[in-house]
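Encoded as structure tokens, the structure appears first; notes follow it.
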Amino acid sequence: MPGRRRVRVLLGVLAFIVVVLLYTRKNEVETYGGYVTEKVVGGGSVLRPKPVAQEPAAQWTASMSVRTERRVEETTSYKGLVAVPATTRRMTQASSASAQVASSTATSSPAAATMQQLPPITADDEPGYEVGEGRKDNAAPPQSTTSAIHWVKQIEHFPISTTRQLPTGTSKPLPKIQYSGKDAGKADVERLAIIKEAAQHAWTGYRTAAWGMDEVKPISGGYNNPFNGWGATLVDSLDTLWMMGMRDEFEEALEHVRNIDFTTSIRSDIPLFETTIRYVGGLIGAYDISNARYPILLEKAVELAEVLYSAFDTPNRLPQTYYRWKPAFASQPHRATNRVVMAELGSLSLEFTRLAQLTGEPKHYDAIARITDAFEEWQNNTRLPGMWPTTVDASGCAKPAQIAFDSSANQQPVPGGEGQMMVAGPPVRGAAGANAVTSIGTNVDREQHAAAQAKLEQETAPREFDTYVVKRQLDDEASRIQTTMDVLSNATTYQEDPVRRAVPAGNRDSSAVCLPQGLASTNKRASETFTLGGQSDSTYEYLPKQHMLLNGLTDQYKDMYIAAADTVAKHLLFRPMNPDNLDILLSGALKVSVNMTTGEDINQHVPEGEHLTCFAGGMFALGGKLFDRPEDVEIGRRLTDGCVWAYESTTTGIMPELFTAMTCEGASDWREECKWNETAYWRSLDPWEESRTRVVPPVVASTVVKTSTSGASVVAATEASATSTSADGLEAKWMLQTSPSSAVALQTAAMEGATRVVQKVATSADEFDVLTVDLQDDTSGPHLAQRQLDNEPAVPLKPATPIPSSSPSPSTSSPSSASASPSPPRSHPNANAPLYTPKPPLPHPSFVAQKIASDRLPPGITHIRDRRYILRLEAIESVFYLYRITNNPHYREVGWKMFLAISEATRVVGGYGNAAIDDVTKGAPEMRDSMESFWTAETLKYFWLLFAGFEEGSLDEWVFNTEAHAFRRPAR
């Protein structure tokens, strides 16, 4: 007993320590409604591993040479390198001049003639290719621009030989998008006033508690800086303020915009997609909607775009979606990674195209045109032709690239700039001379290149991991596929950039070059997901909108949209079963895996509804009008009605983030009629009814001896053995034993005419577990578990409960009897062993009712994976599009119900705006201290436009980007 007390005390102390540690850690981790903080990408959710915190890097001067090892402690001199442009035209010149000044002040070093004269390597520069985060919560305020490190424009490593120009010519008049009848909707002044008050409430909270920061915390009054600390909510809301007539607030915000310095940031990387849609899009939208009255808006957009354009300096001109902007890293050649979120790569076209139209600078259009070409080339060659997977390989290399080094070459434009693979030329910073950065690259001539590719073809022959699963011979197919995915994923994970710092040119192997490829799958054998939801959405959304912005001067985006729309209609759309038999649609997902034996694709449709996919109703309706596809308009209507149904189904009247719906049983196509079938719905909620309700026989306590044939270990425990009574009163008794020489621990025993198999798989080739279940009634001595070791005494175990027997048991056993086969079952009519009778399972109706009540499931929904609402806009966006296209007042009415429900559940009375909620199925959901910038930038804007007159925000005059920023369509 004292020993047991000590164990209990020790366990109690350990538990207390664990609780204390968990409690102290809680303050270090940002939680969000019980879920890991969401990282928003493409309007969607991308969960990423949290990166290690990084200390700010010291500003460098060109006099610092680079060593091959990392510096731990060194004295660094600071020097400001920012050159803020006065006008749009001077932007490039000012940036280049600052770079030349930095180079001209460097001291010469003959010993470093073949070394890179670069800033010191800091913690911010390693590793170069971690997975980036679109949203990275940061409560730190922005740094002072006088002491911060600043981005400096670098000479390109991979310059292009020709620049794509904006399409020109005489365009054909595009079809009218918006309803234009005399009875077109008029402004609802009363409801507009209520929506404007909600916007003023949110803006006042931001202005009071988080002015100039990215986001306000609406409950506590704090702030958050997930998007580089440049004032995301402020810039994102500019055109909303203008639309709603909040001119004083607009002018005040404009003064802050003048002082934003986009050449420095509290983050070590810049999320290209989020920055483009929120900041560049916000500035251009405000510039367009204010009729170009404020040139500073365009100037700041150009300033930021110049920084972002540097991310496109890669061999295949596909950008680094998380651009590490600090000079120490940005000055080196890099390439896009082999695992990129598809929406982050494919949703830049509207912003850069409109910027090129406004400034006349074609390089911005060139940047996105090359991305579009890559998507178009791959579109019909994916596992699901017509669509792209959620993650793509944008590196341009079939294997990690190694760029040749040669210190004697001069920088030259790379030939084959029109989408072909390019090799880095030597970067030159400033004037040539002793202080200039030496050459690091040259073009490989055709003969060398051909020889290198031939060598690579040999090197890329199947390696050991190709047959890994065959060697394992896993029995379970799912485990086998998952193991293969894991092995191949590890084998193909992108390694550190092969371009090393400060390595003498003579030590480089110039024969190892990149094997060119376009966009490709991140893994040839792993499962891929095709969806219109998170990580994909805005790539598809931009296809018809880009066609509009270019006035139809090219059919490229039209053809890509039609191919994608047809694939979605064939493989993703489904009709959810609902009690009212509503004619609605949802867009699910398709997971495509590979059969490792035959190499064939395996398609699995996932009938899920996601708030992010609700934009699809507006996209289909817009594409149907634009390209004269009436069936797409009808699909758009039914998709929009599907999201309205999801809103109206919950307790709060708000749609959850992600849920699974019941598909129509027996329907092979979403065009077929679908009637409510409660029996089928209940069966989907209780799919294992037969096995769940199976009666379990009583259980008798017994002894299980588990040992190893190799004699390495012994484990003894008490387990249960099933017994039952037959019609003649006989009880079954059985024993499983295996010979030590057996290769597989497998025996069968008969009980009540049934067969039971007990199998244990060894963890090594020479070790197998033997399972012995003994119900013998031997009371003459204790049961023994023996280690198969010489001269090792037996280990006594607690004897099993005696069971009376009608026949005597021998008191001793000879070697011959020990090796004999187990005796047949014997009768025990007076058995008095303790029995355990499990609680009877719930009948099917009770089980289903309990599940619906406990999970708060609306009829037709089988599972809710994410119950939150984070002030999203996609549903009201499609409601707005359908109202403007059809002029059906039904959409204004359902939109108003949505507004009232959202306002009631999310408004922080006495606080600083509206807050996300944790569970839309609760009667009183809990608020979360978060208000993302799209609440004022998008959600409230679409509510406003829904009740505004048709002349405001006309779909025939404006194109809205994925952040709802309005770009004016150029005159034809």
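Including glycine, each Cβ sits where the backbone N, Cα and C put it.
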(request) Using the record from TrEMBL, pick out the residue from Cys614, Cys664 that is joined to Cys643 by a disulfide. (result) Cys614
(request) With TrEMBL as the source, identify the stretch among 94-145, 458-509 annotated region 'Disordered'. (result) 94-145
(request) Filter the recorded positions Asp537, Cys614, Cys643, Glu657 down to the ones within 10 angstroms of Thr962 (Ca(2+) binding site), Cα to Cα, kept in sequence order. (result) Asp537
(message) Measuring Cα to Cα, how far is Asp537 (active site) from Glu657 (active site, proton donor) in Å?
(response) 14
(message) I need the nearest neighbour of Glu874 (active site) among the recorded positions Glu274, Cys614, Cys643, Glu657, using C-alpha distances.
(response) Cys614
(request) Take the C-alpha atoms of Glu657 (active site, proton donor) and Cys614 (disulfide bond) and report the distance between them in angstrom, rounded. (result) 11
(request) Could you state the whole-number distance in Å separating the C-alpha atoms of Cys643 (disulfide bond) and Glu274 (active site, proton donor)? (result) 25
(request) Measure from the CA atom of Cys614 (disulfide bond) to the CA atom of Glu274 (active site, proton donor) and give the result in Å, rounded to a whole number. (result) 20
